[in-house]
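Working notes for the structure below.
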Amino acid sequence: MSKPVINWFRYASPLTFYPLAGRLIPWFWTLAAIFGVLGLTIGFLLAPTDAQQGEGYRIIFLHVPASWMSMFIYLVMAFWAAIGLAFNFRLSGMMASALAPTGALFAFLSLWTGALWGKPMWGTWWVWDARLTSELILLFLYIGFIALQASIDDPRRADKAGAILALVGVVNVPIIYFSVQWWNTLHQGASVSLTRAPSMARLMLWGMLLCTLACWMYSIAIALMRVRTIMLERERHTDWVRELLADKE
Amino acid sequence: MVESIRAVIGRDLRLAMRRQADIVAAMFFFIIVVSLFPLGVGPEAAQLRRLAPGVLWVAALLATMLSLPRLFADDHRDGTLEQLALAPQPLALIVLGKVIAHWLVAGLPLVLLAPLLGIQFDLAGDALAVLTLSLLIGTPALSGIGAIGAALTLGVRGGGVLLSLLVLPLYIPVLIFGAGSVDATLSGLGPQAHLSLLGALALGGVFFAPWPTAAALRVALE
């Protein structure tokens, strides 16, 4: 068999991925810090005050990135789940379970900051708006995934069961999203909508994008840290983990 | 192909008929949950009429969910499931048979009870008919989607609670269109749109659910 030019599967094994992840983590933390400082500086110091919402709108710099990340991480999780089912890599299942808590955290943050934003702007903590409801359901899906994995002792079985659930969820997310949207719009016109004025100040947009990048880098860094811990825990019977731990002591 | 499905349905129905207490218990659970609502929110007819679609549908979801663990647990315990997985017929086909049998045992009784309970909530004739029709169309989807959850939680610690956590979020679209069809009738809009979407969900659910269910069963049997 001829050797391929690039070995795509070189880092698919915990043995090779563990040190790589260790080298990458500081970089992602640094990037997260840089983007975070830049984004928050623009967001809190430079961006103009909103004409209608005053200073209260500034929670957008956490709210929107958190909502985007919560949806994006679910897709990434389902992607790793599908890879894991198709190629039977151990690492893919570990990645999926490492991503789930971060995704759940962002879904929760998005709901929480949304409530904080909603109280001064709409005068209520919660409305059954289509977007709020579908974000809540996304949180439920994350919780279901984490609970399923937590209650299965055999990690390989937990990976596969979780992968099936994540894929079923990803097929269902659009259905749920549209059903919730129709549910609300069939009854009455939305009394409150999250849509902003189309002409958003350029600085606001930049601040939001930088904050999103910061959240993104943070997610990668924390997921890599978590996946390293999972690797050590699951591979503790192997030689490389023993050697690694022996070196540390 | 049809024979193997029919054989699975026949077998599951025969087993269910030997344990009629389970079916009756699930039916009475449905009746009791629905009857609790007037006690909780008060007996005004106008208010009950507004609540009826949602209450009946939520109760139907819960009653279906309660009967889901039985779908595979008994076969798993006595080893039948392994034999079924080894059979030359595709496992998904066998699962389809079991889903149909589950609907006949757990879904159909709810459909038949619904008009009676609807009368208690002071629903008029056309709303009653739409309620029953929506349950008739929607409950197969509940059995299909629920089978995925039942297979994933097979032999898992704390299976019952976990099952509700996995399955109930996936039931949301069925609930929305099912209850929505009755609401639309009550407000004079006509239930066609909701019922069509509900039918699409049911067809999609019953058609596609057996594959992930079969995959999950194979994971559980490893």
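The chain as shown is numbered from 1 upward.
The backbone N, Cα and C atoms fix where each Cβ goes, glycine too.
On a predicted model such as this, the values are computed, not experimentally measured, just so you know.
The feature domain 'Cytochrome c assembly protein' is assigned by TrEMBL to A:8-187.
According to TrEMBL, the transmembrane segment annotation covers A:27-47 (among others). Distant neighbours of the transmembrane segment (A:27-47): 58, 61, 201, 203-204, 206-215, 217-218, 220-221, 224; these residues of the same chain sit at least 6 beyond its ends, with a Cβ under 8 Å from one of its Cβ atoms.
What TrEMBL lists as transmembrane segment is A:67-87 (among others). For the transmembrane segment (A:67-87), the residues of the chain that approach it from at least six positions outside its boundaries are 12, 93, 95-96, 99-100, 102-104, 106-107, 109-110, 114, 135, 138-139, 141-142, 145, 159-160, 162-164, 166-167, 169-170, 173, 212, 215-216, 219, judged by C-beta separation under 8 angstroms.
Packing against the transmembrane segment (A:99-118) from elsewhere in the chain are residues 56-57, 59-60, 62-63, 66-67, 69-70, 73-74, 76-77, 80, 124-127, 132, 135-136, 138-139, 142-143, 145-146, 149, 162, 192, 215, 219, 222-223, 226: each is 6 or more residues past its ends and has a CB under 8 Å from a CB in it. Summarising the annotation, TrEMBL assigns transmembrane segment to A:99-118 (among others).
Counting same-chain residues at least six beyond the ends of the transmembrane segment (A:130-150), those with a Cβ under 8 angstroms from any Cβ of the stretch are 67, 70-71, 74, 77, 97, 100-101, 103-104, 107-108, 110-111, 114, 158-159, 161-162, 165-166, 169, 173, 176-177, 180-181, 183-185, 190, 194. Per TrEMBL, transmembrane segment is recorded for A:130-150 (among others).
Marked as transmembrane segment by TrEMBL: A:162-183 (among others).
TrEMBL lists A:203-227 (among others) with the feature transmembrane segment.
Note on the domain 'Cytochrome c assembly protein' (A:8-187): its mean pLDDT in the predicted model is 85.
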